[in-house]
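In TrEMBL this protein carries:
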- 91-118: region 'Disordered' (REGION)
- 97-447: domain 'PUM-HD' (DOMAIN)
- 191-226: repeat 'Pumilio' (REPEAT)
- 227-262: repeat 'Pumilio' (REPEAT)
- 263-298: repeat 'Pumilio' (REPEAT)
- 299-334: repeat 'Pumilio' (REPEAT)
- 383-421: repeat 'Pumilio' (REPEAT)
Amino acid sequence: MYDPYGAVEAEAPVPFMVPPPPPSMPYLYPDMAMPSMPPFGMYSGVGMPPPGMFPMDDQTPLLRAWSYGGASSNDYRRRAGAGLAVGKVRSASMVRSKSSTGGKKVKPNGKKEGKSDPTIKWGEALYTGCKDDVALMQLLEDIETPAGRAAIMPNLLQVVGDLACHVRGSKVLVVLFDVGDAEQKRLLVGALVPVMLHVTNDAHGCRVVQKAMDFASPEDLVRMAGAMEKDVMSCIESMYGNYVIQKIIDVMPPESCSFIIRAVQTEPAEIASHMYGCRVVQRLLEHCKLGQMSEIIEGIIEDTARLSQDFFGKNVIRHVLQYGSADHVKRVMRVITEDVVSYSNNRCSNGLVDKCLEVSTIGNHAQELQAERSALMQELLGDISSASPPFQQIMGDRFGSLVVQRLFDHARGSERGQLLRHLHGAEVLLRGTERGDQILALMRAEQAATS
């Protein structure tokens with residue numbers, strides 16, 4: 001009881017109550033219990049875990065939160081020792097215990113092991129449990145020496161398909177392509193051919209295949225491409241396989257890409273608007289001859305109106321304008337000119353209006369495209385005396401205003417004067433807006449340059 005004129009009675013201090021820890025979460029494996037997670041949420045791999053979260057003894061497996069990412073063996077060993085490796089849980093028999101083994105590894109049978117032995121049957125170890133970090137570290141050390149590579153290659157070749165599709169095993173193969181001799185690289189490429197389709201469409205395997213193509217001979221490249229011919233369409237539309245198809249187009253002669261062209265010819269417009277297929281079509285337009293691509297380009301041009309306003313198809317139309325013949329460019333420009341206001345004000349196709357002006361002004365076929373260019377410029381600038389001139393409709397749009405800014409680069413002769421007259425008449429409408437101020441700044445710079 002507090003007495004304002006007397007002494008304060010001593011009260012017993014209230015003990016600080018520590019909140020109980022969160023209940024243990026079920027682990028991925030039924031016979032293991034995962035340690036309680038810290039109150040800030042799941043460990044993200046940034047920094048060190050709280051003390052005691054990953055006990056370092058022979059009875060508790062380590063939770064892995066890192067994978068081999070190009071670091072040195074010492075860095076990787078330190079990460080694994082700190083309990084920061086990713087993927088699986090290492091078995092207790094493979095955990096290092098300095099107190100009981102003197103800092104050396106302990107085999108499952110209890111025997112101590114010194115330096116890594118290249119004669120270990122790495123093929124069997126990698127096939128059944130290559131995801132174990134200790135085995136992977138030894139393998140990465142062994143392949144750095146010619147003797148180590150020669151010892152493990154026979155068994156490793158038996159599991160190339162499994163290694164290529166594993167997050168760390170794929171890095172082993174990439175390193176082998178970097179440090180191996182010509183014969184070892186040839187053997188690795190030969191081992192990849194039978195599993196080409198499966199590995200190509202894998203997130204990690206596609207990188208191994210692309211690396212192999214950098215070192216493959218022309219004969220091996222033909223074999224690798226032939227292994228994919230039976231189902232090339234699945235690779236074209238694959239999130240990962242499309243990169244391998246693009247690599248084939250880059251490194252092989254155009255004549256050897258005929259099987260890809262035949263696949264795209266079945267439905268060129270659909271593949272051109274596909275998220276991953278559009279990339280393949282662009283590579284074909286860059287590297288193959290127009291004679292080979294005639295059917296594909298024809299199918300694309302027939303669907304120009306739709307593809308121009310498609311998020312992926314617009315890139316293919318841009319490539320047709322860049323790499324197509326004069327006749328191909330003329331046909332695309334005629335489609336754009338027919339409804340230039342809609343194409344200019346569309347977020348996808350407004351860049352194609354600019355591309356049409358560019359190729360017809362400074363492109364390879366500029367001399368043959370003068371009639372199409374004049375028609376497009378006339379539609380853009382239009383008649384200033386009309387009630388709603390196309391130029392003002394384009395100028396006031398967030399995407400169309402970008403086309404107006406590009407007109408300063410492409411207008412020639414009397415077109416520049418006509419452009420300035422349009423802008424003078426619309427100066428009040430442009431002033432005060434972000435896009436309008438940018439256009440007016442270009443107009444003033446043009447006036448200053450001509451005065």
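Any Cβ shown, glycine's included, is placed from N, Cα and C.
Here the repeat 'Pumilio' (263-298) has, by DSSP, the following mix of helix, strand and coil residues: 28 helix, 0 strand, 8 coil. Within the same chain, residues 157, 160-161, 164-167, 169-170, 173-174, 177, 185, 234-235, 238-241, 243-244, 247-248, 251-252, 256, 259 sit at least 6 positions outside the repeat 'Pumilio' (191-226) and bring their C-beta atoms closer than 8 Å to a C-beta of that stretch. When DSSP labels each residue, the repeat 'Pumilio' (383-421) comes out as 25 helix, 0 strand, 14 coil, counted as helix, strand and coil in that order. Sequence-distant neighbours of the repeat 'Pumilio' (263-298) (same chain, 6+ residues past either end, Cβ-Cβ under 8 Å): 232-233, 236-239, 242, 245-246, 249-250, 254, 257, 306-307, 310, 312-313, 315-316, 319-320, 322-325, 328. In the repeat 'Pumilio' (191-226), helix, strand and coil residues by DSSP number 30 helix, 0 strand, 6 coil.
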